[in-house]
2 protein chains.
Amino acid sequence: MPLRLDSRDAGFAAAFDALVDARREADEDVSRAVTAIRADVRARGDAALAELTRRFDGHDLDVTGWQVPKAERQAALAGLAPDLRAALELAAERIRAYHAAQRPADSETVDAAGVRMGARWRGVDAAGLYVPGGRAAYPSSVLMNAIPARVAGVGRLAMVTPTPKGETNPLVLAAAEIAGVDEVWRVGGAQAVAALAYGTDRIAPVDVVVGPGNAWVAEAKRQLYGVVGIDMVAGPSEIVVVADGANDPAWIAADLLSQAEHDPTSQSILFTDDAAFADAVAAEVERQLGTLATGATASASWAANGAIILVGDLLESAPLIDRLAPEHLELALADPEPLFAAVRHAGSVFLGRYTPEAVGDYVGGPNHVLPTGRRARFSSGLSVLDFMKRTSFLACDAASIARIGPAAVALAEAEGLPAHARSVAVRL
Amino acid sequence: MPLRLDSRDAGFAAAFDALVDARREADEDVSRAVTAIRADVRARGDAALAELTRRFDGHDLDVTGWQVPKAERQAALAGLAPDLRAALELAAERIRAYHAAQRPADSETVDAAGVRMGARWRGVDAAGLYVPGGRAAYPSSVLMNAIPARVAGVGRLAMVTPTPKGETNPLVLAAAEIAGVDEVWRVGGAQAVAALAYGTDRIAPVDVVVGPGNAWVAEAKRQLYGVVGIDMVAGPSEIVVVADGANDPAWIAADLLSQAEHDPTSQSILFTDDAAFADAVAAEVERQLGTLATGATASASWAANGAIILVGDLLESAPLIDRLAPEHLELALADPEPLFAAVRHAGSVFLGRYTPEAVGDYVGGPNHVLPTGRRARFSSGLSVLDFMKRTSFLACDAASIARIGPAAVALAEAEGLPAHARSVAVRL
């Protein structure tokens with residue numbers, strides 16, 4: 001049974017605090033294990049990768065091959081069922097259009113003092129894309145990670161993905177072809193992230209590593225932040241659904257389960273102002289759980305992390321939602337705008353009764369790689385900006401430095417930096 | 001003596017590789033010490049802060065006070081020499097104008113399928129600004145960190161700064177007043193960063209921590225990335241100056257020394273195509289070192305990390321500069337544009353003979369908090385974006401989900417996520 005709270009109950013504040021605080025950090029065991037793997041890949045390169053792949057993925061890279069050859073990726077695309085290929089291509093086109101609009105413009109201005117200044121954006125030279133294997137081998141992830149990189153103008157795109165027992169996923173390979181990935185390496189886990197960051201004899205280093213993964217992958221990215229750029233530290237997926245009693249309980253139950261089926265650690269939370277509707281959704285969740293192939297996972301997630309929160313007025317839920325800062329926020333209301341305007345912290349918002357979060361996972365256009373674990377308070381979903389960097393610039397001439405330079409000299413002297421002062425003063 | 005290389009010499013590639021690789025990571029001792037401090041602050045809060053401040057800064061917070069009171073900050077501003085106050089205000093105004101132009105616009109569109117989507121930017125609720133104490137207590141840093149936060153619309157701005165032996169720096173306090181800082185805490189080091197990230201009884205937690213600091217501060221930020229947002233992992237400061245023989249050697253020597261005087265670990269590198277000019281600059285550096293109050297520091301930096309690199313053609317230096325990806329790049333050329341266009345990786349570029357890097361440290365407008373240690377390959381200087389986050393949104397109606405939903409259902413089924421498929425299918 002999921003947690004059930006009522007915001008008008010006496011114990012609500014404490015119980016809600018506990019719900020917020022429950023979404024916390026990587027455990028120390030994972031951190032230590034990742035530190036060891038990272039050091040091993042850095043020291044021994046490909047030999048470490050081969051050994052760790054044998055141990056964790058159960059295949060020998062020298063037998064299965066280190067990369068998935070271009071021909072195999074092309075064959076995967078050619079072999080796709082026509083409706084699936086059309087679906088992937090529609091998704092790619094919509095994702096590309098949304099992200100193309102994100103490309104920042106260079107800027108340049110000359111101000112009143114005659115100083116020219118601005119900023120110039122460039123794509124990074126190389127990016128690495130992590131794509132989970134096994135249960136979470138999602139072609140949609142390939143599109144969501146690779147397309148923004150291509151739109152950013154990244155020179156080289158290297159994908160890493162574990163292929164347990166050596167088995168590749170044709171749908172993932174087809175998506176990589178559609179998105180324009182350059183290299184597909186059969187490595188996964190923390191070792192793959194380390195290989196991308198440090199480089200090995202076979203895998204050239206990249207500048208940015210993105211993509212979702214399990215706790216080891218997330219911790220490896222966190223540890224390697226600074227050696228490379230990363231998108232964000234990703235944790236278990238989450239959704240908050242705000243729904244009034246005019247919704248079909250079966251729709252809302254399906255939405256909650258679409259998050260719960262990802263993983264037992266996923267979290268689905270319903271906010272409603274209608275106790276009878278809450279009961280109806282809870283009953284629908286139980287009914288649908290029995291019909292889902294992913295029922296065991298969804299059931300575990302719903303029981304451990306699910307919550308139904310009854311509030312007096314849905315608009316009141318805005319500060320509570322901000323505390324949770326959910327990855328996904330669905331506002332299943334006839335007019336979602338007032339609540340949308342009141343919420344400050346959410347990764348991505350799905351507005352109205354006809355926008356289930358799952359449509360955004362695939363074909364909406366906005367990115368589905370989003371901040372989890374309350375990080376929407378300070379971070380954003382994956383975007384073209386994650387694959388670009390900005391160089392600022394400044395140009396004075398003799399006249400303009402004469403105007404602004406004396407202030408720089410005064411400040412440099414006050415800060416006890418005489419060479420700073422001199423380098424300006426000699427030009428005045 | 002600094003390193004001296006000629007790109008036409010046989011051993012150049014290997015020697016340049018060594019120069020690039022020398023700028024590397026935090027050592028393990030710092031990392032372990034910071035882990036312990038972080039855990040201590042998290043577990044014991046203010047008690048740990050008080051103890052660590054006694055040990056590292058030599059004063060008792062319960063005696064000196066935890067915060068610098070508003071009245072003391074106002075008095076510092078009122079007591080400022082008029083020329084210094086005018087200089088700080090000019091700097092603040094120019095920094096504000098440059099950063100105001102960075103504020104991203106919200107976006108919204110309805111596409112051909114009838115799907116409404118876009119992105120909304122909001123400032124974070126609270127930001128923490130680290131300002132180094134002691135040798136590096138720079139009012140310019142306060143402006144460069146605080147003003148972008150204010151422009152971003154951050155709700156609460158908390159500054160932390162060590163006050164060795166309890167002594168505050170009036171110039172830093174005055175800058176905090178001009179920039180609109182809300183709180184000034186007398187704590188520094190890794191412990192201050194941990195307090196901002198986790199919160200203590202006295203210091204409310206923040207969402208983003210920015211600002212330069214020593215190796216301990218940088219490592220604390222790196223470790224706490226994910227708990228809070230951070231600007232970047234900052235390392236020792238660097239400059240590359242590209243200068244032809246038409247420059248005054250005394251000007252270029254001053255520019256190199258303006259970086260070297262920061263710290264013995266700072267790095268100044270000159271690229272030139274004129275061997276006689278290189279000799280003249282080297283001689284000027286030696287001469288000016290004797291006249292600088294910061295000569296000991298600058299001399300140590302120049303000897304240990306300085307370099308003069310002779311190239312056949314200055315435009316040839318672009319790929320070498322990209323390898324270094326310097327924090328600061330000064331192009332002291334009559335026409336710097338072709339080289340500026342050819343360089344991909346630099347934090348900030350200073351164009352022409354009249355734009356010494358130091359003018360940008362204070363009053364140029366662009367931020368002086370910039371990526372170091374080759375991180376300009378993938379990261380950018382501090383900006384308004386570091387204090388904001390983007391929420392994407394999507395809205396379908398019955399007609400538009402009917403158009404794009406079937407593709408989502410097909411992909412969800414192919415990915416083995418039946419609840420995803422159902423949550424879309426029920427609305428078709």
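Quick reminder: no glycine exception, Cβ is built from N, Cα and C everywhere.
For the Zn(2+) site that TrEMBL gives as A:Gln259, A:His262, A:His420, the extra residue drawn from A:Asp201, A:Asp207, A:Asp313, A:Asp361 is A:Asp361.
Binding site for substrate per TrEMBL: A:Gln259, A:His262, A:His328, A:Asp361, A:Glu415, A:His420, plus A:Ser237 from the candidate set A:Ser141, A:Ser237, A:Ser299, A:Ser392.
Across the structure, A:His420 (substrate binding site) and A:Tyr130 (NAD(+) binding site) are spaced 44 Å apart at their Cα atoms. Spanning the listed substrate site, residues A:Ser237, A:Gln259, A:His262, A:His328, A:Asp361, A:Glu415, A:His420 have a farthest Cα to Cα distance of 56 Å. Those residues of the chain, other than A:Tyr130, A:Gln191, A:Asn214, with a C-beta within 8 angstroms of the mean position of the NAD(+) site C-beta atoms are A:Pro132, A:Val160, A:Pro162, A:Gly188, A:Gly189, A:Ala190, A:Ala192, A:Val193, A:Gly213, A:Trp216, A:Val217, A:Ala220. When the C-beta distance to chain B is held to under 8 angstroms, none of the recorded positions A:Asn214, A:Glu327, A:His328 remains.
Neighbours of A:Glu327 (active site, proton acceptor) among the binding-site residues A:Ser237, A:Gln259, A:Glu415, defined as a Cα within 10 Å of its Cα, are A:Ser237. For A:His328 (active site, proton acceptor), the nearest of the binding-site residues by C-alpha distance turns out to be A:Asp361; the candidates were A:Tyr130, A:Asp361, A:Glu415. The binding-site residues considered are A:Gln191, A:Asn214, A:Ser237, A:Gln259; of these, A:Asn214 has the fewest other C-beta atoms within 10 angstroms of its C-beta.
Separation of the C-alpha atoms of A:His262 (substrate binding site) and A:Gln191 (NAD(+) binding site): 24 Å, rounded to the nearest whole number.
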